[in-house]
Structure formats: structure tokens, C-alpha cells
Amino acid sequence: MNQQGWQDLYRLLGLAKGEWGWALAGVLLTAGVILANTALLGLSGWFIAAMALAGHGGPGLDFFAPAAAIRGLAILRATGRYTERLVTHNATFRLLTKLRVWFYERLEPLAPAVLERERDGDLLSRLRADIDRLETFYLRVAVPSAAALLAVPLLLALLAWLSPGAAWIEAAGLVVAGLALPLWALTLGRAPGRVAAAKRGQYSADMTEILRGHAELLVAGALTRIEAQAETTALALEDAQRHQGWASWVTGAVGQFTAQLCLWGTLVITMPRAASGLLSGPDVAALALLTLAGFEAVAGLPGAWQALGESLASARRVFELADATPALQEPARPAPSPRRFDLHAEELVMRYAPDLPPVLHGLRFDVPEGGCLGITGPSGAGKSSLLSLLPRFRDYQSGSLQLGGVEVRSLPGETLRGLCAMVTQRAHLFNTSIRENLLIAKPDADDTALRDALREAALLDEVLAMPAGLDTLVGEAGAALSGGQMRRLAIARAFLADARILLLDEPTEGLDAATEQRVLEALARLRQGRTTLLVSHRPQALRLADKIFTLS
Ligand SMILES: Nc1ncnc2c1ncn2[C@@H]1O[C@H](COP(=O)(O)OP(=O)(O)OP(=O)(O)O)[C@@H](O)[C@H]1O
């Protein structure tokens, strides 16, 4: 494993800090179960052999004590295993929940500037599949490895007490099955694991895009080609999984073989001692079974360490994004929230990357509080880029943009986003009810407030005429609504948010004249008392503005 792998492993252990108590309980229980199981098998072997010899006229046997011990150990093993599963799974699931929240909190500041470079399906795969895969590390690698470290010395001590020779054989076998094999499995599993994690993300991204752009791909005749691409990814994933299966079979088989070899080795060295009377027959049976049962302590390790390759690849994919630098830095000492809401820009310069030419260059404008500035200009002039500065989705590099006399860059993004409402031609609607889509803007709004907002947006009558009213489902990205209804739903949201700054980006684009008129009437009500930036090409829409500014 390379240095990066070890660092990730160490970091994964660090992230589990809050759950160490549970994990320790899991380790103790697992080690207890291994010891109980080994003792059970050894004692059972001894007891059966002793009973058989007693039956054949051998020495008499008090069978009550061993029978009771066997029953006790069996109960201990069953309850121990149940409790161990309960504890370790509880710890792991709590941890995965924590990890998911931790990862999401790191993703949030990356939106939208950094995340828009990623494929949606791949992001989802990191958040879900990759984090789920870390379960393998905690549940199958960390806890069983620690339990083996605890149980094996005790087991060897017991064997050494009964027969030092058998203890040496067992120690050699356990070094092979519990150390060499897991390390070999880790090496074998690393490359296919890395491929599997990457291909799983790619497949998820391919499928998300196929489903989302299905209609366009079908019309363009590109569906078969893109499906073939996804199939190639699926085949590569399958190939990686086949390699993983092969590696797991090989290491499993070598582990079994080692255990059998140790069993025979123990028999070979103990039987002559039994023949010469140094050991009893039942002792030989007990030692042979103890040797075999001891391998339970390490049986799962090769498979788990092999899967560790994929877990680490998943961890890397998670850490890579979690460690990405946000496109903009929050101010170290935020300025107090503005009390006025006029806008002032001077010599404003904004570029998407240091090596790209500026999109906005020396921009200058003023909008009084409650005023509306219409912004027009050719495609690519930077109109949408300008709007993205106010909610701090992007930053400007020089010049000044002030809200109520406070430099926008010195305000936290969250404060600014709380002051802004947006209506764009691509306002996102979630695939849920109209009510839920509205509540995004104001979670505690009651039905009266929702209806008022819909009335102001000139959408109430249409919503009430729908069979489920406010509970009507809008479909994927609002597919069950018309373009005008989607736009007015976004306006209703803005009414509910009751923000002081309104950012309108082509709010009537793609609408017919009659619908545009209804949307504009709603917008005219919405802009009252709110400082508004309105980007549009359409003369009717620009009539809402007090002043028009052309970006070139
Ligand atoms: N995320 C981005 N990374 C790099 N360049 C970008 C990014 N987004 C936009 N641009 C570039 O910035 C320039 C301005 O884009 P913007 O979307 O602001 O223009 P616009 O005036 O709103 O255009 P339209 O009227 O077509 O919507 C364009 O050249 C565009 O290619």
C-alpha cells in the first residue's frame, strides 16, 4: 500500500473517533466469541473422544461438568455473536451517518462553482456508494483485525500450555493466514478495487445522463451510442469484480489449506506423544480441534483486506472532493449585515479563472433601494455572471460591489443568499408537490401564506383547478407543468421568501406573448419594494426596469 493509502486509512480511523467506545465493545465481543467458539470446539472434541473411550472400557468419566461447560460455551457463543453483530453494526451505521453529514458539509461550500465541474451521477455515487463501501473498512477490516490481535495471543498461550509444539504450528499457520494472506489479498485487490470504485461512479453518471437526456438522445439518434458507452463501463466494472472474486477465491483457498495443514501437523506431532502415554487420546482430539478452530480468528481477514483496496479507493474519491478548495473564501471577519439595500458597482472585474479573460471588466452602475436595473446585451456578455455575484456563487477579483454601502465580498455567502431571491428561466423544481416546492422558500409557511403567494404570482386559480390542488406533483424538473406555470411557481417562491434583493434572469424567455404578459404582471407586483436586477433581451420585460444598462 502506498503512503497515500496509509494516510487515508489513518484518517478513516480518525473520523471514527466519536464511535471508538462502541468499536472497542465490538472488538472485545468479537474476540470473546472467537475464544468461546475455539474453546467449545476443543472441549467438544475432547468430550466426544473421552466418551468414546469410556464406552470402550476406558477410564470412567464425569460427564456432567464438561457437558455443562459445553452448553455454557454454546450459549455464550450464540449470545455473544448476536450482541457483537448488534454493537458493531450499530457503531458502523452511526459512523456512516456521521460521515455522510461530514461529507455533505464539505460539499456545500463547493456549490456551485466547484461542483458544476463534476458529473451529477458521480457525485451521488461518492455520497452514497463510496461512503457505504467504507462500511467494509470499519466492519470487516478494523474490528475483526483488532479482535484477532487480541484473541490470537490468548489462543496461542492456551495451546502452548497444552502443547508447545502445537502452539508453534498454529502460530506459523496464523502468521500465514492472518498476516501474509491479508497482505497478499490487499495487493491483489488494490487495482481491481480502484477500477471498480471509479467505474461504479462513471456508470452511475452515465445512467443519470441517459435518463435525464433520454428524449434528446433519442431524437438525435445518439441513444444507442451512449448506451454502448455505458455498457462498456458496466463491462469494465464486471471485469474488475471478476478479478476481485478470483482474488478472494484464491486467498480463501490458501487460507483453508493452511488451516488443514496445521490440523495435520498437530496430529503428526501429538499422536506419537499419545502413543507413548504423554498425552491422552481426548487431549489429541482437543488439540487438533483447537488448532482448526483458531483459524476462525483470521478466516475473514484475507477477504476483508482484499476489499480494503476498494474501500480505500472509495475513501480517496470522498477525500478528494472533501478537500477541494472552495472557489471563494468566506470573509475572515464578516461585515455586519447591511441596513439599506441599494447597489453600487465601480470598476467591477470578474473572471472565471486567473488564466481566462475577464467576463466583467470595469463595470459601473447604481441601483437605489427598491429600484430595478434592466440589464441587456449580447449572449456571453456576462449578464448571468453579474447576477451570480450577489448571492456569492462567484467572486469578483477587483473593483467594488456594494450592497447598502457594505462590500459584498465582506459579507458571508449565507447572509447574502438570505437577502436574495432568484427567478430564472431554469428555476429548478423538485419532483414533489407544489406545496413542497413552495415550502423550500419558507418552511414554516401555512396554507394561507402559500395561497397568497400563488395568488400574487397569478397561479392560484390554476393550482386550485388541479385535482390534487397544492398537493399536485410537478414531475421531474416540473415536467407536469407548463413553462409559464413553472415560471410563476418560481415567482410564488420568491414572494414567499420575501427577499430584499430580486435577481431575475430571463424570467420570460421562451413564453408566448399571453403567458409572458401574466408573468410580467406578477413580476411587477414582486419587484415592488425590492431592489431588482433584471436580465432580459425582451423589450416587454425590460419595461419593468427603471433604467436599462447594456453590457457589451
Ligand atoms: N463556469 C464558467 N466557467 C468559465 N466560463 C464561464 C462559466 N460560465 C460562463 N462562462 C463564460 O462567461 C461568459 C459570460 O457568460 P454569461 O452566462 O454570464 O453570459 P450571458 O450574458 O448571461 O449570456 P446569455 O445571454 O447567453 O445567457 C461566457 O463567455 C461564458 O462562456
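Each residue, glycine too, has its Cβ placed from N, Cα and C.
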Transmembrane segment per TrEMBL - which of 20-43, 476-499: 20-43
Other parts of the chain folded back onto the transmembrane segment (167-186), taken as Cβ under 8 Å at six or more residues beyond its ends: 1, 145, 148, 152, 155-156, 159-160, 247-248, 251, 254-255, 258-259, 261-262, 265-266, 269, 291, 294-295, 297-299, 301-306, 308-309
Tertiary contacts of the transmembrane segment (137-161) (same chain, 6+ residues out, Cβ under 8 Å): 9, 12-13, 16, 23, 26-28, 30-31, 34-35, 38, 88-89, 91-92, 95, 167, 170-171, 174, 178, 182, 287, 290-291, 294, 297-298, 300-301, 303-305, 307-308, 311-312, 315
Local confidence of the prediction over the domain 'ABC transporter' (343-552), expressed as mean pLDDT: 92
